[in-house]
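**Student:** Pasting a structure below so you can have a look.
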């Protein structure tokens, strides 16, 4: 595959760039020379630098949206029927509120004594740039805080005490450390037009539809009207899968036909098996776990689905039906941990209560830790994914990155810029590098205190924190290049668990803390630069963007921490399914995988899992496979440049395709891929004009309608225990009850036949 930077060529079409100042247009003789076709079709090349941005409306509506979404998403994250409200909902709701404030608030200006500064509750009409910053607030609130899972497993799963101040510092510092890496790499990941961040185009399209007036041809409708129509349809429809008929979210015909066959149900189940013939009639099935396919370029969809297909329909069946690693003793599709008898692993039998580490005598007298073969292979593929990312970026993009690095030090003229970069440099001051460094230093100091203070409750030593930061710094650029061009992010969660598991085994809290500092600081850095790219497209002053992101991060982290602490300390037996009342929603499904990972990597450790002492040393071969896999495709693309399909093979995407498993199931992948191919292959090529006007608007409207109806369903019906008469369609399943049953002889599992 060639470099992502050579994949698209600039258009030969010349367009005039406009800067609007005080209602008058200054026309610049520039062309829309962005090299990415989707960007040229979506992002305007106009700017009005006089528009107010950090207004009273921005702060009021932005902080309100941030707090509300942080609370709602954190609250629902503990419930069995999870709901995630995206920032699109706030983006829609705050538009009329902003316009209402513009009409009703006083316009009087207030001056600051001794300065030329002044401010007003109402500086003029509500504008698009205010709306963008409000959405950045909301997006930060909606994103959640990964570190709250540590608090949950410590207090609810392990039933241990955790100092409230240590927990608070943990949530804040893991979110803020990424600012440092963002500052270091923004030159490469934001300023370069080849780093186009596909998901941002959904937001750009929606902002334009909500704010811009259009010159329509006869018979055309505005993009805003199109959004409203799709939003209303999505909103009205979601009451069916969300409340009246949940079973249509995952339909598996094979299970309806063979109701008593375990093998048939494994083959047909879209939630617990291979999902042959399964599909969903629910937008949350399409986009809930893998994101909107409308925002992903087709070459990424093809690679992603190809990786999924190879894994689920070739590799996994071979391992399972040859009974490799005693695969048939355990369920086909699960993240649970097991002992040698095929039953759930009893972690309390091997933990020292006082020191909260492994009791080796108890472990040796009990059982080695077993995984489903699917879960074991997912770990192997995650090993290969990171190595493939390093190899791929070095082969295809190493020369470009090295040139950018040298240019950042010596060049004064931006050889790699485009019209958007020129407009930003002409109109706005960039963020000083010391702002990023200051946040990094302060965050690191507090993180060090959280780890070394409080009687070392987090178990992570100072050297572990430094190593976690070094890993995040090393991987931010290569993973950022992949995400900025494919809309897919490779996670560092497994590699960080592996490293600290070898270096500091038997310490579950040290393991999850190291993972969070290493993985989330990188992920947050890419989140920051992705938002900076949105601001780049929408011509938001970079310093205003920085301030909003920083404040929103602190506020969202505080709200998520407070919500988590409140629920854990007030809901009796939260997360403990065996002790909760029948029908209680507080089952914490999202934290179960996190808890199981802490057992695998923290308590047991990779030395007892992935070496000769354990069951799965073969997974280590994926490191070498991932490192070498991009080489033949790189060589072939160089040797046969006329073979265009070779240039589209993206090995890191293929390896990471199943990274959303086991939370994402086969039915989610199939539904996601089908919709993506229809819109970003067929419609993009056959009806490009329609696609340019409506594709990203359609994505935003489907998201918003589904999310808002989901909130209403909860508060109107589920929260008040209002339910429909019992019938089979109310089950939130695919009616494949035998798909979780093992096929091995003699394994007794409740509800399953014994072979």
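Glycine is treated like the rest: Cβ placed from N, Cα and C.
Source: prediction; values computed, not measured.
According to Swiss-Prot, the protein has these features:
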- 58-78: transmembrane segment (TRANSMEM)
- 82-102: transmembrane segment (TRANSMEM)
- 134-154: transmembrane segment (TRANSMEM)
- 165-185: transmembrane segment (TRANSMEM)
- 226-246: transmembrane segment (TRANSMEM)
- 370-390: transmembrane segment (TRANSMEM)
- 434-454: transmembrane segment (TRANSMEM)
- 462-482: transmembrane segment (TRANSMEM)
- 546-566: transmembrane segment (TRANSMEM)
- 614-634: transmembrane segment (TRANSMEM)
- 664-684: transmembrane segment (TRANSMEM)
- 697-717: transmembrane segment (TRANSMEM)
**Student:** Is the transmembrane segment (434-454) in contact with the transmembrane segment (226-246), using three or more Cβ pairs under 8 angstroms as the rule and ignoring pairs under 6 apart in sequence?
**Tutor:** no
**Student:** Most CB pairs under 8 Å with the transmembrane segment (165-185): which of 134-154, 546-566, 664-684, 697-717?
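**Tutor:** By Cβ pairs under 8 Å, 546-566 leads among 134-154, 546-566, 664-684, 697-717.
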**Student:** Quick one: do the transmembrane segment (462-482) and the transmembrane segment (370-390) reach 3+ CB pairs under 8 Å, ignoring pairs fewer than 6 apart in sequence?
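**Tutor:** Yes, the transmembrane segment (462-482) contacts the transmembrane segment (370-390).
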**Student:** Per the definition of 3+ C-beta pairs under 8 A with sequence separation of 6 or more, do the transmembrane segment (546-566) and the transmembrane segment (134-154) touch?
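**Tutor:** Output yes: the transmembrane segment (546-566) sits against the transmembrane segment (134-154).
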**Student:** In the same chain, which residue numbers or ranges, 6 or more beyond the ends of the transmembrane segment (370-390), come under 8 angstroms Cβ to Cβ?
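**Tutor:** Tertiary neighbours of the transmembrane segment (370-390) are 311, 315-316, 319-320, 324-327, 329-340, 342, 345, 475, 478-479, 482, 490-495, 498, 600, 610, 615-616, 618-627, 629-630, 651-652, 654-656, 658-659, 661-662.
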